[in-house]
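Copied from TrEMBL, the annotated features are:
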- Lys43: active site, proton acceptor (ACT_SITE)
- Tyr272: active site, proton acceptor (ACT_SITE)
- Arg141, Met320: substrate binding site (BINDING)
- 251-379: domain 'Alanine racemase C-terminal' (DOMAIN)
- Lys43: N6-(pyridoxal phosphate)lysine (MOD_RES)
Amino acid sequence: MAAQNPHLPRAEVLVDTDALRHNIALLSGLAAASGAQTMAVVKADGYGHGALHVARTALESGASWVGVCHLEEALALRAGGITAPIFSWLHVPDEDFTEAVSAGIDLSVSSLAALDAVIVAVNRTGKTARIHLKIDTGLSRNGCAPQDWPELVMAAEAAQRTGWVKVIGVWSHLACADEPGHPSIDAQAKRLTEAHALAVDAGLRPIRHIANSAAVLSRPDLHFELVRTGIAMYGLNPMPPGFGGDELRPAMTFRARVALVKRITAGEGVSYGLSWTAPHETTIALVPAGYADGVPRALSGRMEVLLGGKRRPVVGRVCMDQVMVDCGDDVVREGDEVVLFGPGTRGEPTATEWADTLGTIHYEIVTGMTRPRVVRTVVPVGGA
Ligand SMILES: Cc1ncc(COP(=O)(O)O)c(C=O)c1O
């Protein structure tokens, strides 16, 4: 029989730019209602969706900043033609900021040592660096400890007076924004406000930013002048059910094509270890995507796919390159589309469903979808 859907790749991550646009418009609209600008967080290759096109789409749809973790990510975006402010926030002690300062990247500074390293780059390039001072307000991750803050602020103010740096922001990151009402949220906001006040008293005029997606959706009072939204932009809701974000549309679909269809008789085992045995004669569809393509092996015996308009169980173990689907007596054809996860609008599993089964978060599922042998296709899929 001739293969169906010959245009589909073997395995594909499909990124829906319409969904991205919809989500960014929604989130930046919420931020704008508070008078805040929106930073699109595209670290880790845009949470697996492709950093450059997500950045472009976001900037066309309401965002005016782009955020990443590392300098390499920031410089790749600049080289890709992004002219909007790009903020980079996690650096190593011996980081060379020369290229970043040259490229006008906004840099997070958490310590005197980091400030010194930035000033070295300023002196090399002759360009003023744009910096955001990070205060640790309670996450105990990156950021300046509160007891060291006055000294960092004084040093930054002196560096600004010299013309070496411009202090653009004072910022922090929330630990529990996805747990509405958690007392740490207000405690962290209070510490940020105090840290900002100290900077203002020192003569600086920085903006403030602390809100991630969860806070964009649930805490307009914490939007301040800028919000940093990641996961919700990709259409995945960080909030518990009943706390908003229901209009978000997941942008990523993971799909493949049936490589082979065969009948097996009752009692035949399927896949390594023969952990599943056909209870009766049945049709097995082989799907050429396995754990090397982003299907976690831990989903063996615990996942379904959408195939031929129906959800069907994956049986036996997930292999490196393939999974097997039990189709019963239904007619399925080689070449048919198999949706492993998607927005859920056709009844297919979602990244959230995978995460729940695995005991993890949807962030980890989509961010893991950067596999060299899985094609990424970026298209307006439409819908709504
Ligand atoms: C510092 C910082 N800001 C903002 C974000 C965006 O968070 P979210 O994806 O929950 O919106 C992240 C992501 O982890 C982050 O590390």
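Note that Cβ sites are derived from N, Cα and C of the backbone, with glycine treated the same way.
Counted over every protein chain shown, other Cβ atoms within 10 Å are most numerous around Lys43 among the recorded positions Lys43, Arg141, Tyr272, Met320. The CA atom of Met320 (substrate binding site) is located 11 Å away from the CA atom of Tyr272 (active site, proton acceptor). Across the structure, Lys43 (active site, proton acceptor) and Arg141 (substrate binding site) place their CA atoms 17 angstrom apart. Broken down with DSSP, the domain 'Alanine racemase C-terminal' (251-379) shows 23 helix, 47 strand, 59 coil.
If you take the Cα of Tyr272 (active site, proton acceptor) and the Cα of Arg141 (substrate binding site), they are about 42 angstrom apart, rounded to a whole number. Regional average pLDDT for the domain 'Alanine racemase C-terminal' (251-379) in the model is 98.
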